[in-house]
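Feature annotations, reproduced from Swiss-Prot:
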BINDING   13  [3Fe-4S] cluster binding site
DOMAIN    11-131  domain 'GAF'
DOMAIN    158-381  domain 'Histidine kinase'
MOD_RES   161  phosphohistidine
REGION    142-270  region 'DHp domain, may sense NaCl'
């Protein structure tokens, strides 16, 4: 059972809907959360834009399964984006692991949604899903007995770090939007307001991280299960690629993508792959100076598909590399003046460990500079935790 959404979560939803309206020209949007996690469908609106919009015009198709935990064999019913029976309407599930917590419904009257726009909506849905988990855990804490302190701190630190990446991507999209809006454009004040609220959210996340609030798991002491399923790599990585391209333009860097055609599917939890690659890309951008290059490359070999995130930054000293995946370790970067928590690589490695996978680091990568992180995923067998 889900707790009712807090006022803070509802306010975050409204801010994200305003961003979508202003940047993508949506005519109406809504965020629904499930009121129960059982076999009876029950959806409750949390935020609607514009506020006077009729919920009937943003109806959830009856074909959408009930809000519940989705077994691996049924995951095909919950694609990242669902085109409804209504014209120009998208429905994106707010998913955390295999749990459908709610849906984001977006409607636009005069033109269909482009692939890049759908990728931006997926970023918004991902942000709202993680924010919903944080909100639920906060409420769970106030109604539940204490859990072991170290366990709660570690799980909450991980979630805060995972939330920073999609919020940072939204911040980048807003900055790009402001660069393209004329000073007298009627939508500029709204975009500036969204930019300020996004910066405020990032500051709050950093403040919460430093305070290390004690927040337990959504379902108590038992973690939600991982489940492997066949993934289309190009489609799965599209939201991350779109965000990286926007960030490269904003920061004066080059982003290179190398994805060969006709890749075989791999069996891996979609959320796991996106979190791992998202953390690697975030690190690559942070430690690559202006004018540098960041790359994402997929290479098919036997018996594994190799995914590599590389950069032309300053590199990682050999003596620091054995400790890269320790929680909180930043090495020489701790004195660089670049913000960081030292959690990204540790989280990535922890997410991969149940599948028997791990990251491999190469530094220097190009000449005497740069760093590359490679993930080898067997594609001739199903990978299960």
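Note that Cβ sites are derived from N, Cα and C of the backbone, with glycine treated the same way.
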If you average the pLDDT over the domain 'GAF' (11-131), what number do you get?
72
Neighbour count (Cβ, 10 Å) for the residue listed as '[3Fe-4S] cluster binding site':
27
Under a three-state reduction of DSSP output, how is residue 13 ([3Fe-4S] cluster binding site) classified: helix, strand, or coil?
helix
